[in-house]
Amino acid sequence: MKDDFAEEEEVQSFGYKRFGIQEGTQCTKCKNNWALKFSIILLYILCALLTITVAILGYKVVEKMDNVTGGMETSRQTYDDKLTAVESDLKKLGDQTGKKAISTNSELSTFRSDILDLRQQLREITEKTSKNKDTLEKLQASGDALVDRQSQLKETLENNSFLITTVNKTLQAYNGYVTNLQQDTSVLQGNLQNQMYSHNVVIMNLNNLNLTQVQQRNLITNLQRSVDDTSQAIQRIKNDFQNLQQVFLQAKKDTDWLKEKVQSLQTLAANNSALAKANNDTLEDMNSQLNSFTGQMENITTISQANEQNLKDLQDLHKDAENRTAIKFNQLEERFQLFETDIVNIISNISYTAHHLRTLTSNLNEVRTTCTDTLTKHTDDLTSLNNTLANIRLDSVSLRMQQDLMRSRLDTEVANLSVIMEEMKLVDSKHGQLIKNFTILQGPPGPRGPRGDRGSQGPPGPTGNKGQKGEKGEPGPPGPAGERGPIGPAGPPGERGGKGSKGSQGPKGSRGSPGKPGPQGSSGDPGPPGPPGKEGLPGPQGPPGFQGLQGTVGEPGVPGPRGLPGLPGVPGMPGPKGPPGPPGPSGAVVPLALQNEPTPAPEDNGCPPHWKNFTDKCYYFSVEKEIFEDAKLFCEDKSSHLVFINTREEQQWIKKQMVGRESHWIGLTDSERENEWKWLDGTSPDYKNWKAGQPDNWGHGHGPGEDCAGLIYAGQWNDFQCEDVNNFICEKDRETVLSSAL
């Protein structure tokens, strides 16, 4: 507006000066009349032009104002429509955002509660997993212990199976011995019948001699007395032989009874064979004496005095035989009692081991079931946890997507609102300018007035209403962890928890003391025959069978090389007694058992026959089985000792030389002091090859523990009871062998 007024002033001033209109002093002095007239005319013309231009300008201004007012009304209507639409959109957006905010708040609250529940569940799961780790470690330890026990049980079962096979072999051998004894008893019965017949013949001869020898009454009376004595002796012999038959029958019954229970009867078989040989010897002596008696009775007329002496000798021999048989039968009864006690102990051991194995199998089954149950529970829990975690991840992903969508929508809406607000501000500014221009153009601009004084400050306007509460913003990032506060006071004791889960089974207690052996029960009735079992595994190689029948004589073959000298044979039956020879000089009688065997020539390797050479030592691997002390004595009789294993090479060589699954004694024992194993020469072993878990000094619940060492079939060392029966290995230096051979 100021610029317009300045332009009008400049135009007016320019026009006045141009037409020569100056101050009044100059006009009054210099102007002429024509000039005044001409100037007045020009003034009228100018006034007319000015009125025309003002009318034209007013008309144009009115047209422009009409156009402006129409545009303003249309713009107002459009802006009012837009504002109503924006208000409706804002209301809709407010409602939607409120609903969405409520739904998101509810969803966030539920999500937070779910997350808290999941955290609680995860804590419980971690606690359970920690507990389960402890239980699993315990189960693993118990499983390792069970594996060790199973290995020990397998070894004991293998040893028991090996013992059972050896018992079966001994039973088979004992059956053969029993058949031989039965044959011997039948032969003895035949011999007794022959002797009875010969005794009857002798009695008849004596009666005939009594009838014929009437003249020699004194001699006959003495002979009759002697004959009566002999008849009484013969009757006693008959009674003794009948008792022997009964004893043999009882022994047969006892052997049948022992077949079902005995496990190791080799010593009994050897004793029975020795007893049978002794009985054969006594019977042979009796046969020889009876033959001599018959010869003497034929020559009784000439040598009656010799007959009386022979009868006295017979009585003495008979008494000695009776005493010997009584002593031997007492020894047999004592041995039978010992065998019965051994059988009872063996049966109790077998029952104890069977019960122990049953308990172990039941414990193993329980542990397996508990392990499988816990593993299935853990797998189910883990699968459910995996499923819940997968669901949580899916829900969190979907919630994040929804939050991203909501944020993008809010951003777009806020951007739209900001654009609309800026447009509204621009429209308001344009409207204000138009209104100002409209008020200014309504009248002609007047002259510029003087500058007025500054007005007083108006009173402050009323305070506006309080706005609505804004929406809750998003939670900010978590702040840094504060310092740890002081320890609070101890809380009150909590409630007593529920009953915990059942703990793992404790370790097995120590072995109890063995009970007293119960009385022997009566033999039960034989049960019905069971169904035929499955075909078993091939058993170990059995003992050599009995000698078969003699075959047909074949053609003589090519003579082979001369063999080694054989063992001395069984002494044959004594021949008939010859006539008495002249008395010879008295000499020392050497028994057969103490006679030295012929020493065989040593082999080329410097060791005797049946001995094997390794480095500078000779080794003897026995075929027979003995207890530890007997094996020691056997090796000492061979001028050797039980083997001392000092190197790994020697151990490997001995392992290769061992045949089958038999155990062998070695010269190692802790009989002097427990758990101090020493060789028989008193030295401690430098090299050791004990089996895992050995020596354990297991006493089997009877008597002392295991104090003697031996080699098992795997070549490892194990401790045994010194009363066990095993093979053995003897050892001696090759130099001593060579010197003795020279």
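Quick reminder: no glycine exception, Cβ is built from N, Cα and C everywhere.
Feature annotations, reproduced from Swiss-Prot:
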- K691, Q694, D696, E706, N718, D719: carbohydrate binding site (BINDING)
- 571-585: compositional bias 'Pro residues' (COMPBIAS)
- 443-472: domain 'Collagen-like 1' (DOMAIN)
- 530-589: domain 'Collagen-like 3' (DOMAIN)
- 439-608: region 'Disordered' (REGION)
- 1-37: topological domain 'Cytoplasmic' (TOPO_DOM)
- 38-58: transmembrane segment (TRANSMEM)
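The record assigns K691, Q694, D696, E706, N718, D719 to the carbohydrate binding site, and the maximum Cα to Cα distance across that set is 14 Å. Around the Cβ of K691 (carbohydrate binding site), the number of neighbouring Cβ atoms within 10 Å comes to 16.
Per-residue pLDDT, averaged over the domain 'Collagen-like 3' (530-589), rounds to 56. Secondary structure from DSSP puts N718 (carbohydrate binding site) in a beta strand.
Around Q694 (carbohydrate binding site), a 10 Å sphere centred on its CB holds 17 further CB atoms from the protein chains shown. Among the binding-site residues D696, E706, D719, the residue whose Cβ has the fewest other Cβ atoms within 10 Å is D696.
Around N718 (carbohydrate binding site), the same-chain residues six or more apart in sequence whose CB sits under 8 Å from its CB are S663, W690, K691, Q694, P695, A709, G710, L711, I712, listed in sequence order.
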